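Now, the feature entries from TrEMBL:
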DOMAIN    2-116  domain 'Response regulatory'
MOD_RES   D51  4-aspartylphosphate
DOMAIN    126-224  domain 'OmpR/PhoB-type'
DNA_BIND  126-224  DNA-binding region
Amino acid sequence: MKILLVEDEPNVVSVLKRGLTHEEFELSVAPDGFVALEMIAAHTFSLIILDIMLPGINGLDLCKQIKKNHPQIPVIMLTALGSTENIVNGLDNGADDYIVKPFKIAELNARIRTLLRRYAGIQQAEEVITIGNLEINLSAKAVTRGAQEITLTATEYRLLQFLARNKNRTLSRVDILENVWDIDFNMGTNVVDVYVNYLRKKIDKGFDTNLIHTVVGLGYMLKEKS
């Protein structure tokens, strides 16, 4: 299991490297929020541990951004800020757990294992995403609408999957570009509109109800009803 630690205190990094490696977790370290976002874009992590008081992007904003773009990754906040207000604020910004320093490595390991089990169950339960009569089988990468099988290119499938995982939510063109294409993709391109049009021809054409909707001035949404 690969874990990302976002922490700028060398002593904490050293303790976690020893403690988590002993538990057979593979630990990567980002010293600030900007580096963390680059690493998350380039690699797959099973869990993220982050401090609140970070250089660049504070941990609350970082957690919110991670959960917006990668809701499938559990996040633990590990911080010296231990007031009730701090804890509530951390959880409200998307953290799955909140641990106050100083901490016991055994407790942290136990909480990591608990979160990994919980998210594994969620992912298993979400092997099929359903929107109306549209079904996306994530394990088989198969798409059907009603009794009709729909053949998609790899890029069309990635786009549909991203829309489906965020169903009933407006996604901007930038959101889609960053998650379906490379994060450094040219933001002046109309590639999103082109591929949404491709998807509409395959997903909506010939059916009574449209599932892909344009939110004027904002982006696109996948939902069952207009």
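We count from 1, first residue shown onward.
Cβ atoms here come from the backbone N, Cα and C positions, even for glycine.
Non-local contacts of D51 (4-aspartylphosphate) by the CB criterion (under 8 A, 6+ apart in sequence, same chain) comprise V6, E7, D8, E9, V12, G59, M77, L78, T79. Note on the domain 'Response regulatory' (2-116): DSSP counts are 55 helix, 23 strand, 37 coil. Secondary structure of the DNA-binding region (126-224), assigned with DSSP and counted as helix (H, G, I), strand (E, B) and coil, comes to 33 helix, 24 strand, 42 coil.
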